[in-house]
Amino acid sequence: MALKNFNPITPSLRALVQVDKTSVWKGRPFKSLTKGISKTGGRNNHGRITSWHRGGGHKKLYRIIDFKRNKIDISAVVERIEYDPNRTAFIALIKYEDGQYSYILAPQKLSVGDKVISSQDADIKIGNCLPLKFIPIGTTVHNVEMKVGKGGQIARSAGTSVDLVGKDSGYAQIKLRSGEFRLIPLDCKATIGSISNPDQKNINLGKAGRNRWLGWRPHVRGVAMNPVDHPHGGGEGKTSGGRHPVTPWGFPTKGKKTRKNKRTSKFIVKKRK
């Protein structure tokens with residue numbers, strides 16, 4: 001996919017850069033693989049804000065994606081590549097030999113008419129899904145499971161992938177884009193290739209309103225608030241905040257390590273950069 005620039009007939013078009021979607025399906029999604037999704041506005045079941053700066057946005061249908069790839073040894077043909085408003089990657093509608101349809105994450109260079117399969121005997125080909133024990137070292141993969149049968153959780157965003165760098169004692173060692181090296185059980189599945197739409201990182205929304213369409217509200221700085229609202233608030237005139245950056249609840253932010261998951265730390269061979 002290429003990037004698309006616009007003739008600046010309005011101020012917002014001057015900066016706008018989008019991904020060219022001319023090769024993506026322009027019709028409606030496959031109806032039986034969609035369901036309604038309700039908005040939360042960033043609120044939990046008590047009505048309290050748990051995710052700031054969320055709200056509004058265009059109405060969306062949720063596309064049911066097959067992250068597990070549990071239909072074993074049955075090949076499928078790619079019917080079309082589609083845009084999905086719920087994620088940055090494109091998705092592929094596939095039709096199995098038995099007539100069943102499914103959505104999967106579309107890897108780069110997957111085309112309409114290509115055949116994909118989930119099998120331990122599958123070829124090392126873009127879109128095929130195999131257990132890590134049957135994938136050669138050095139292969140680039142995506143949609144990697146962390147627990148057997150749970151479905152892919154690692155490398156699902158646009159342009160992402162991980163590298164399989166080793167196998168030992170029942171675990172595969174993978175290298176993530178962050179620089180982290182992690183151990184994954186060899187029976188976990190992964191899909192060959194990198195996720196589609198790598199140019200997503202180069203887009204420019206062009207105006208604040210486009211962010212509102214995506215469901216994001218204005219991000220107010222702490223120094224622009226009153227003391228009752230934020231530790232950085234208040235002061236006479238414009239201030240720097242007067243202290244190291246903190247969250248609204250007083251915890252250090254902007255680079256402070258917050259990971260507290262000792263249970264899975266044993267699976268991290270090397271921490272991210």
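For all residues, glycine too, the Cβ spot is worked out from N, Cα and C.
Listed features, source Swiss-Prot:
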REGION    228-273  region 'Disordered'
COMPBIAS  254-273  compositional bias 'Basic residues'
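Beyond the compositional bias 'Basic residues' (254-273), the same-chain residues lying 6 or more positions past its ends with a Cβ under 8 Å from any Cβ of the stretch are 171, 173, 176, 178-184, 245. With DSSP states grouped into helix (H, G, I), strand (E, B) and coil, the compositional bias 'Basic residues' (254-273) comes out at 6 helix, 3 strand, 11 coil.
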